[in-house]
Amino acid sequence: MAQATPKADSQRGRFITFEGGEGSGKSTQIRILAERLQAAKLRAIVTREPGGSPGAEIIRHLVLSGVGKLLGADAETLLFAAARDDHVHTVIKPALEQGIWVLCDRFADSTRVYQGQLGNVLPGVLNAMERVTIGDLKPDLTVILDVPVEVGLQRAAARRGSGAPDRFEAEDIAFHRKLRDAYRAIAASDPQRCVVIDADADLDAVAARVWAALHDRALTADAATKASRA
């Protein structure tokens, strides 16, 4: 039986976000998914947070350099909010309105986890920032790539080679364990939007799980269904 086509708002692009700890493989899996969607004749762009737009990329440099941490969790949250506001209004929303799929490496859940759960920024502050920056924008699907902390940090170290760890990679092991737990809690609280995928496997196996998650939610079009059978 053929997979379901998109629902009533089929002219709107789909918004897929990828979340997870350091070294979980988000960037790689986003690239694989984008290539598969494009092969299925679906327009898709890849973007990231913090960053994704010229203004937001400037802020990305600041926060990953550690400047945000020196200013404190509330100020760092404001930096992320400023970056997200620019990103949403100049990249994400315009693309979705044109029927383009947007695949984003991190989004609002990362702020909830890093600055909220681990930085102790109050939920009221985060809610206010989301009202300003994203309004009613919500991902159609959030893929949370889950790997053991030690595996993720080893991958991150291998990826950067001789380079210094960024502001978040440099945190201690306890921080990263809390991070993993926080993402699992978000998934449990919003199972209709979120799917947790075991990413401690080879690239093809993880990519297949991501693709299956899209089908489970009837997000892919008939063209994508045909491509999956090729």
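Backbone N, Cα and C define each Cβ position, glycine as well.
Features of the protein shown, as given by Swiss-Prot:
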{"type": "BINDING", "residues": "Gly20, Gly21, Glu22, Gly23, Ser24, Gly25, Lys26, Ser27", "note": "ATP binding site"}
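A map of Swiss-Prot features onto the structure.
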residue : record           : Cβ neighbours (10 Å)
Gly20   : ATP binding site : 26
Gly21   : ATP binding site : 28
Glu22   : ATP binding site : 22
Gly23   : ATP binding site : 23
Ser24   : ATP binding site : 25
Gly25   : ATP binding site : 23
Lys26   : ATP binding site : 23
Ser27   : ATP binding site : 13
> What other residues of this chain sit with their CB within 8 A of the center of the CB atoms of Gly20, Gly21, Glu22, Gly23, Ser24, Gly25, Lys26, Ser27, the recorded ATP site?
Replying inline: Leu145, Val147, Gly152, Arg155, Ala156, Ala199
> Should Lys26 (ATP binding site) be counted as helix, strand, or coil on the basis of DSSP?
Replying inline: helix
> Is Gly21 (ATP binding site) helix, strand or coil when read with DSSP?
Replying inline: coil
